[in-house]
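Colleague: Once you've had a glance at the structure underneath, I'll fire off some questions.
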Amino acid sequence: MEREGGLFFRGFQNRSHGKIKLRKRKSTLYLSPQERTGSCRDLLGENIYLVLFTIALRICNCFLVQTSFVPDEYWQSLEVAHHMVFNYGYLTWEWTERLRGYTYPLIFASIYKILHLLGKDSVQLLIWIPRLSQALLSAIADLRLYSLMKQLENQQVARWVFFCQLCSWFTWYCCTRTLTNTMETVLTIIALFYYPLEGSKSMNSVKYSSLVALAVIIRPTAVIPWIPLLFRHFWQEQKKLDLILHKFLPVGFVTLSLSLIIDRIFFGQWTLVQYNFLKFNVLQNLGSFYGSHPWHWYFSQGFPAVLGTHLPFFIHGCFLTPKRYRIFLVTVLWTLLVYSMLSHKEFRFIYPVLPFCMVFCGYSLNSLKTWKKAALSFLFLSNTLLALYTGLVHQRGTLDVMTNIQELCYNNPNISKASVFMMMPCHSTPYYSHVHYPLPMRFLQCPPDLTGKSDYLVEADIFYLNPLKWLYREFHNDSTLPTHLIIFNVLEKEISPFLISHNYERTAVFFHTHFPEHWTGNHIYVYERKLKGKLNQR
């Protein structure tokens, strides 16, 4: 019995030393979360369903923003692109003074040119394709922020940061607009993905510096948020000389050369627009011509308004995040301080620091235990209401009225005799990029004084001092009268004698805003001049 038992155990032992093939488990239940999603990571390094969801969301975002924000989203991008491709349009004084570069409008001009060559350059496509392109870029930036946080922390924290980014009302309001600030923000987020942060697996000095350089070419003030980040990289880099000579300088040389060549082609002379821009807005501070605010405005109004209901979570997150994220907080505070020193302030100027804030907000949400569902509901509902109101209601009239002008151009048999005068605060509406027809149009001019005159008044200011007197003096001859006038309702009483005496009749009304301000009213009126014969027939 002992021998048999010994043989049995010896045989079992010998068998255990042999190569035994185990059946592979094919079920996803036996895979790790990383392996489980690995098969779906076919696009931008993320789950393809997440990528498609983000793109679909930003496309919906694009179509649910039907309001105007600031004139620059048309006049410094689409209008310039239209002029580049179709040889008509209006170039504002910034272009005659060479304060703006053609790099950003060239993106939309390329789109316009392709549509023109395909014979698909309808006015609706000229309006929506650039915005959809910007929406796609914003979606890529959102995904890069998510990927970065997943590398630095974990998937759970990354999800909360991603949630905060997607439900931010101001991001929703701006990220599909054709603003240089929007492109600056997109490039900043993507550059941050390649920035050398502790724990990052995607750091690449050439890639991130190239994106920063491109952002600066498009909008020179884009360098402001990056000053602390660049200084930190230089300070921590062991091969400092190599970083400057073999990475920063070549990247800067290539991007600056590209900008100079593009502007040389379109301006017809060598121009360093980045210097002109900084000289006008920073060194000479002439941007204050378009309005000034007290030094504390960004801290007391601008930043809280942009963050909205994310603000308490941002403050809470500042006390929770690890030390390595202090550079993000320094970047936010530095940017606010620098912009506070400039007289002219706008909400959109600090838009590029908003993604940095979402990191702190995400940390705050991740730390919540008992109140998490309530906090999520509060954030989602409050931001959704703000996003829908600002995107669909507030300041929509200046875009809606352009549909009336489009109908005038394409459905009017007497178009050859038609002309439009927009008697509104200057640049209130888009222009030829939203009409795409060489219709004679005019608006009240407002270029700043570059000669230093103390009593300088722009055409718009002179008009609003005495609108009725200005109209009678300007149009003393009936042959020069425009066929259509576009005004805000607050101007109607002021100029009613002129409208009556020259047979103008109101033909359309468009809602604009619930918050009228000075010469910007609740509604926009369209007046058409009727001939006496037509009036008698009616």
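Every residue gets a Cβ built from N, Cα and C, even glycine.
Pulled these features from TrEMBL for this protein:
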- 209-231: transmembrane segment (TRANSMEM)
- 243-262: transmembrane segment (TRANSMEM)
- 295-315: transmembrane segment (TRANSMEM)
- 327-343: transmembrane segment (TRANSMEM)
- 349-368: transmembrane segment (TRANSMEM)
- 375-392: transmembrane segment (TRANSMEM)
Colleague: Grab the same-chain neighbours of the transmembrane segment (295-315) for me: Cβ-Cβ under 8 Å, and only residues 6 or more beyond its ends, written as numbers and ranges.
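Modeller: Contacts with the transmembrane segment (295-315): 164, 168-170, 336, 339-341, 345-347, 350-351, 354, 357-358, 360-361, 364-365, 375, 378-379, 382-383, 386.
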Colleague: By Cβ distance under 8 Å, which residues at least 6 away from the ends of the transmembrane segment (349-368) in the same chain are close to it?
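Modeller: Cβ under 8 Å, 6 or more out: 141, 145, 149, 156-158, 160-165, 168, 170-171, 174, 181-182, 184-185, 188-189, 192, 221-222, 225, 298, 302-303, 306-307, 310, 313-314, 316-318, 320-321, 325, 328-329, 331-332, 335-336, 339, 375-376, 379.
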Colleague: Near the transmembrane segment (327-343), which same-chain residues lie under 8 Å Cβ to Cβ, leaving out any that are not at least 6 residues past its ends?
Modeller: 224-229, 232, 281-282, 285, 287-288, 292-293, 295-299, 303, 318, 321, 349-350, 352-353, 356-357, 359-360
